[in-house]
Amino acid sequence: MAFGDLLEQVGSTGRFQVLHVTLLCMPILMMASHNLLQNFVASVPPHHCSVHRNLSLSSLSPEQVLLLTVPQDIKNSRPARCLRYAAPQWQLLSENGTYSPKVNSFTCRDGWEYSMTEMSSTIISEWDLVCDLRSFKQMGQTIYMGGVLVGAVIFGGLSDRFGRRFLLLISNLLMAVGGTCAAFSTSFSVFCLFRFITGMALSGLGLNSFSLIVEWIPTRVRTVVGTGTGYCYTMGQLILAVVAYFIRDWRWLTLAVSVPFYITFLYSWWFLESARWLVLNRKSEQAVKNLKTVARINGRREEGDRINLEMLQDSMKKEMSCSQGSYSVVDLLRTPTMRNITICLSAVWFSTSFAYYGLSMDLQKFGVDIYLIQVIFGAVDIPAKVVVTVSMSIFGRRPSQCAALILSGVTILINILVPNEMQTVRTTLAVLGKGCLAASFNCCYLYSGELYPTIIRQNGMGWVSMMARVGAMVAPMVLLLGEAVPWLPGFIYGVAPILSGVVAIYLPETLGAPLPDTIQDVDER
């Protein structure tokens, strides 16, 4: 009898599994809120230098004061963001007054004034992260993604050692406390510190939630449950737009998306540790107790009472023998076939995440209401994931993966050629590109799991996930290149997925093939 048969005996799709998966999916709804929070808490409001503090200009209208003190930006005929006249230019009030470009102007010595139309306050207006400090906005997101990367390394290893449930509890608590502390930060450096901690916790939350979901459900429903879990993240993007629309202050918004994790921390004590993990870590007695608890919740008490220690250990013989072997990341490169798979998948995951967050983290450049564009960007994932799921089943994994990447890159590159005045066309192309990247992500998870053999599947998935997080870290910094060459970030975001789409052609097809258990199985396939 295999472990899957034991799970069927106590009920594999009963009340326990429904409640278990539902509760584990609740925090996943809020994960997108933290990943994309920067779009709102760090949105850059229109701004210009504050007027001279030592002058009395109360008799003039605000428009006249602006005309006297702030030069016009030659590119867009708006007040310059980072310059101010050395002295008020009174001659400009005269109808015949002339403006000389040689007039001395200086940087904003008395701070800035902000037009808070989309948000009542942001970290940009709070700490004046504009002009010489404008790169700090992208730095904040990079630090957060760095936390996600570090968390994947730390929590991945700790999970295998201390169990999924314990690390899930820690992750929920860290998410709640880290987010709360970030909301009450007194400086940008403190804000980045707690965002880094939140990013680490988010990795632990995702890894352990998915592990607990997968290890308590049967193989036949994993695809459906996995797709449903992915849609929870998609719904989270829509939830963020709604919450941000009604909460316009960055502190309260950060707090609003963090408080729910206190609730998930409290009910996470109810979760049962994975019986598979307990057996593999020589805690079979507790595994038997957990299986009997599942049987009781599912209304199969009699079947659960028949399970004993010998029966459980017998069902896990294969897994226990595999766990005694020593495998590491080095095994991902041990044979030519494994090297080819690992290198190709690394490129695919890196470029998918790189372009995905490059598009998703700069919503203001489209010139559309950021709340509306966030809803559109989130909603496009729904049909995109449906289309790629059908495509993978009909045409195969490799063609679907290649097509999603190349199409996304092409739409991003075409967008560079569209004039800024054609906002509808630019937004439509960006939405199509983002949808293709969401489809690529959906394909990545399934395809990678089928390519790596059982004995090193966790190592393989951990490695490619790390490459995705590296891509997410680099993406915000590429936006800084737009200060010098406006079209360069879009060009890089477009070329990367096209190149990885071509590289993916060298991956083997897995449609209809059995899952490999050993490296030898992969080589023979």
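Placed from the backbone N, Cα and C atoms, the Cβ positions cover glycine too.
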**Report entry** Annotated range (TrEMBL: transmembrane segment) out of 196-218, 311-333
**Finding:** 196-218
Query - Feature transmembrane segment in TrEMBL, mapped to one of the ranges 16-40, 166-190 - result: 166-190
Report task. Please indicate, using numbers and ranges, the residues of the same chain that are 6 or more beyond the transmembrane segment (402-418) and have a C-beta under 8 Å from a C-beta there. Result -> 348, 351-352, 355, 359, 388, 391, 425-426, 429-430, 432-434, 436-437, 439-440, 443, 487, 490-491, 493-502, 504-505
Requested in this report: Decide whether the stretches the transmembrane segment (430-448) and the transmembrane segment (253-272) have at least 3 CB pairs under 8 angstroms, with pairs required to be 6 or more apart in sequence.
Outcome: no
